[in-house]
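This report concerns only the one structure given below.
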Amino acid sequence: MLLVSTVSAVPGLFSPPSSPSNSSQEELLDDRDPLLVRAELALLSTIFVAVALSNGLVLGALIRRGRRGRWAPMHVFISHLCLADLAVALFQVLPQLAWDATDRFHGPDALCRAVKYLQMVGMYASSYMILAMTLDRHRAICRPMLAYRHGGGARWNRPVLVAWAFSLLLSLPQLFIFAQRDVGNGSGVFDCWARFAEPWGLRAYVTWIALMVFVAPALGIAACQVLIFREIHASLVPGPSERAGRRRRGRRTGSPSEGAHVSAAMAKTVRMTLVIVIVYVLCWAPFFLVQLWAAWDPEAPLERPPFVLLMLLASLNSCTNPWIYASFSSSVSSELRSLLCCAQRHTTHSLGPQDESCATASSSLMKDTPS
């Protein structure tokens with residue numbers, strides 16, 4: 001479950017713990033704790049179902065809504081975030097589930113490299129899509145004249161393309177670091193492991209991944225959200241010159257209802273800001289802390305159950321992403337309720353008031369303003 005492995009030390013990205021290279025043939029067999037293996041499989045299965053189901057539902061709701069009109073900019077980002085998280089489920093969690101079940105990677109060298117590459121693509125894409133979405137919200141609020149200059153409502157806009165391009169590019173080292181290698185000095189037992197030219201290569205690479213996948217996006221997201229909050233706060237609290245102008249005119253600019261609407265919008269933005277940053281840090285921090293610990297400390301408890309289970313939580317953020325943005329988007333949450341309502345109708349094969357409620361929900365969404 002470590003990010004990378006050498007043939008003499010630690011297991012590979014999301015691979016089960018393996019024996020060191022000087023082990024005998026008997027020791028290279030699967031001697032893992034059966035209870036721990038079952039716990040790993042149960043945890044990975046739960047994460048896979050949660051990621052696939054939640055992102056599939058939200059993506060289905062967005063596609064259903066998009067068929068009836070132009071895609072809103074926020075919906076474009078949420079849909080690509082769902083795609084990135086589905087890539088995490090299919091190319092990261094599912095291979096790890098099979099890997100944990102068999103203890104060794106069973107497949108050719110090309111498949112080993114492809115799996116490792118796609119695992120990292122999913123991690124980068126999920127983080128960078130959130131960062132791209134936050135940058136777009138910052139531009140829309142703080143630089144509104146530039147918000148839609150580059151095709152904000154298109155299904156593929158510039159921030160989305162940049163996020164995918166960086167994810168594909170930064171994952172390329174995986175193709176050269178990992179390969180099917182003998183884990184026991186001629187034992188004939190092979191696993192998908194990494195090899196570095198220098199002893200410090202493992203520490204440098206794990207630290208680089210932690211910075212690029214977790215630290216840098218987290219700082220960027222937090223900075224953008226602070227700037228968004230400051231911009232909204234500045235629009236609500238007039239400066240000295242604006243207050244003087246209002247006194248000279250002898251009247252207020254704007255109605256109480258308009259001010260209340262802006263205050264509600266700011267409160268919603270602040271809540272979303274806190275949720276995004278806190279959940280992002282809480283989901284990624286345990287995983288990368290144990291990764292860095294394992295890379296920098298030769299005495300790290302690699303096979304202790306808490307340590308092993310924490311290494312499986314790289315995809316935890318993909319479980320929460322769709323629900324965070326769906327809950328703060330009235331149009332997405334309404335479409336999701338309508339989709340679930342109609343799915344229940346088809347499941348029960350019932351006609352009558354339930355059909356009418358589905359139709360009413362769908363028609364009302366046509367007038368819903370994207371948020």
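Keep in mind that glycine also has a Cβ here, set from the backbone N, Cα and C atoms.
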- Compare the topological domain names that Swiss-Prot gives for ILE141 and for VAL332, and report whether both residues sit on the same side of the membrane. yes
- Message: I'd like to know the mean pLDDT over the topological domain 'Cytoplasmic' (221-271).
- Response: 66
